[in-house]
Amino acid sequence: MSGEKPKVVFVLGGPGAGKGTQCSKIVERFHFVHLSAGDLLREERAREGSEFGQLIEEYIRNGKIVPVEVTCSLLENAMKLSGKMRFLIDGFPRNQDNLDGWQRQMADKTDMQFVLFFDCAEDVCVVRCLGRGQGGSGRSDDNMESLKKRIQTYNNDSLPIIKHFENAGQVKRIDATPDADTVFQAVERVFLDAGFQ
Ligand code: ADP
Ligand code: C5P
Ligand code: MG
């Protein structure tokens, strides 16, 4: 077998930490393809004839994590379709089921570089999500009721996954509190140090 495997960076952090915002900047600067698991699920929910539409809406509104078979296949299809070799996988893996599914389906086919972890206090995350909702995100989960559940899921299910990667020495932690341009200065350093340009 010849050829390199596609390079993958996992992008994690609480709801509203700024993952999508920073990913856009990374795409511009380092020419990655940005794949947000949440965006892919919302697209699939909206796709006419999708057998998962209702299930996805139910999970998203309740801040629960959709079974990995759905999410991982959406990610794999999007990776194949792009024909590219550098991917930001944003908002995944979000729980043990996500991680196990990735190991089964994708780990051997890809080259995971590191985990970019946007560390953001809960109250800041809440303000940002509610602001995004007021700004017209149209998301059914940018409201206080869903947000409480999303934060619970993050604390109970996602933080242990970040911890798992941390124990393996794979986490690049970024303070997500400052303004977006300041956060990106730290992000840029991480990618340059990892040899990307
Ligand atoms: P995530 O993808 O992690 O949920 P987003 O990138 O969508 O987060 O950002 C959530 C909201 O917070 C958006 O309205 C965005 O414009 C805003 N935002 C993102 N980064 C920052 C920042 N560093 N400071 C202030 N607001 C931010
Ligand atoms: O990352 P984002 O905030 O866009 O995710 C929105 C929702 O999409 C999550 O709260 C969850 O319900 C769903 N999701 C999921 N599995 C993922 C990522 C997102 O079920 N890996
Ligand atoms: Mg996002």
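Start at 1 and count along the chain as shown; that gives each residue its number.
In case you wondered, yes, glycine gets a Cβ from its N, Cα and C as well.
Among the candidates R29, R42, R173, R189, the one that TrEMBL lists alongside K64, I65, V66, G91, F92, P93, R94, R139, R150 as binding ribonucleoside 5'-phosphate is R42. Tertiary neighbourhood of the region 'NMPbind' (36-66): same-chain residues 15, 19-20, 23, 74-75, 78, 89-92, 94-95, 97-98, 139-141, 146-153, 157, selected by CB-CB distance under 8 Å and a gap of 6+ residues from either end. DSSP states for the region 'NMPbind' (36-66), grouped as helix (H, G, I), strand (E, B) and coil, give 19 helix, 1 strand, 11 coil. Relative to R139 (ribonucleoside 5'-phosphate binding site), the binding-site residues with Cα atoms inside 10 Å are R132, the candidates having been G20, N98, R132, P178.
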